[in-house]
Amino acid sequence: MYALRRVGQGLLSLLVVSIAIWSLMAFTPGDPALRILQARGILEPTAEQVELLRAELGLDRPLILRYLDWMTGLVRGDLGPSWATGRPISDEFLSRLPATVLLTVVALLLALALTMVLGIPAALWASRWPDTLSRGFALVALSLPSFLIGVVLVEVITLRLGLGRVLADGTIATVFLPALTLALGPAATWSRLLRTGLLETRNAPFLSVARGRGASRNYLLTRHLLPHAAPPMLTVIGLSAAALLGGAPVVETVFTWPGVGLYVVKAIDTRDLPVVAATALFAVVVYLVTSLVTDLLLVRIDPSRKATT
């Protein structure tokens with residue numbers, strides 16, 4: 001029942017957000033039919049051509065029917081034509097989606113690795129140099145915007161160290177710099193949260209019992225400390241993983257990464273509202289699905305959460 005209730009809440013949220021996004025697109029000044037004809041090379045279309053295309057796209061129908069047509073198309077995977085190119089948005093979007101998925105997955109893995117490397121030593125040697133190093137990293141990573149971090153990484157790694165050819169040879173290494181840029185912010189937050197969680201668990205009574213039985217530090221860390229620090233971290237990581245998509249447009253623009261982020265930046269520049277609306281709704285869906293999966297995992301770990309969510 002809990003899972004069904006959460007799915008229902010997600011669908012209701014998606015409905016409200018879809019209405020808001022579609023309304024912004026529908027009530028923005030300008031004639032979509034005119035924009036599409038101009039994108040097809042007809043710079044000065046006649047009134048008859050505009051009306052024919054409006055009828056073809058259903059733009060002459062009542063607003064409620066247009067919204068239902070739009071939602072029905074989304075369910076079928078038909079996002080309509082781009083105002084800038086006249087091509088189906090579905091084709092353009094799907095051709096760029098794998099690049100963004102690859103970037104996001106690699107960024108997530110890098111963020112998790114950095115979290116472990118920085119967070120665990122900061123907790124084991126609190127108030128000593130590993131903790132100071134972790135705190136300094138978090139301060140810098142959270143203070144600088146993503147585009148500036150990207151520019152600095154390009155300057156240092158490709159120009160100063162001469163690794164530009166290695167990182168631009170079309171292999172998996174190509175994704176390293178943009179993924180690292182995207183990963184630094186989440187890693188800064190996660191590593192400090194992991195440190196806090198480990199420190200809160202370190203003095204728990206059950207650990208004193210385990211130490212008295214001669215358990216090693218590695219055993220305590222992997223069997224007790226990390227499992228008890230995981231649930232609070234899981235919530236933050238789940239939501240931050242979805243939020244990585246929010247930073248993708250900036251990072252993809254800096255590195256000219258051919259993903260959805262760069263696609264939507266160009267759409268905003270040309271006022272291609274259907275593309276902006278489709279990508280915004282996609283981001284909302286990813287956020288809702290990630291939130292749902294995270295909640296279900298937390299409930300499985302701690303069933304008492306059902307009563308508080």
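For all residues, glycine too, the Cβ spot is worked out from N, Cα and C.
Automated prediction, rather than curation, is the source of TrEMBL annotations.
Feature annotation from TrEMBL assigns domain 'ABC transmembrane type-1' to 97-294.
If you look up TrEMBL, you'll see 101-125 (among others) marked as transmembrane segment.
Look at TrEMBL and you will find 137-159 (among others) tagged as transmembrane segment. Sequence-distant neighbours of the transmembrane segment (137-159) (same chain, 6+ residues past either end, Cβ-Cβ under 8 Å): 118, 167-168, 177-178, 180-182, 184-185, 187-189, 191-192, 247, 250-251, 253-255.
The transmembrane segment annotation in TrEMBL covers 171-190 (among others). Under 8 Å from some Cβ of the transmembrane segment (171-190) lie the Cβ atoms of residues 102-104, 106-108, 110-112, 114-115, 118-119, 137-139, 141-142, 146, 149-150, 153-154, 157-158, 233, 236-237, 240-241, 243-244, 247-248, 251-252, 254-255, 257, all in the same chain and six or more residues away from its ends.
What TrEMBL lists as transmembrane segment is 233-255 (among others). For the transmembrane segment (233-255), the residues of the chain that approach it from at least six positions outside its boundaries are 100, 103-104, 107-108, 111-112, 145-147, 150-151, 154, 177-178, 181-182, 185-186, 189-190, 193-194, 197, 261-262, 264-265, 283, 286-287, 290-291, 293-294, 297-298, 301, judged by C-beta separation under 8 angstroms.
If you look at the transmembrane segment (275-299), the same-chain residues 6 or more away from its ends with a CB under 8 A from one of its CBs are 2-3, 6-7, 10, 13-14, 17-18, 21-22, 24-25, 74, 79, 82-84, 89, 92-93, 231, 234-235, 237-239, 241-243, 245-246, 260, 263-264, 267-268, 305-306, 309. Taken from TrEMBL, the feature transmembrane segment covers 275-299 (among others).
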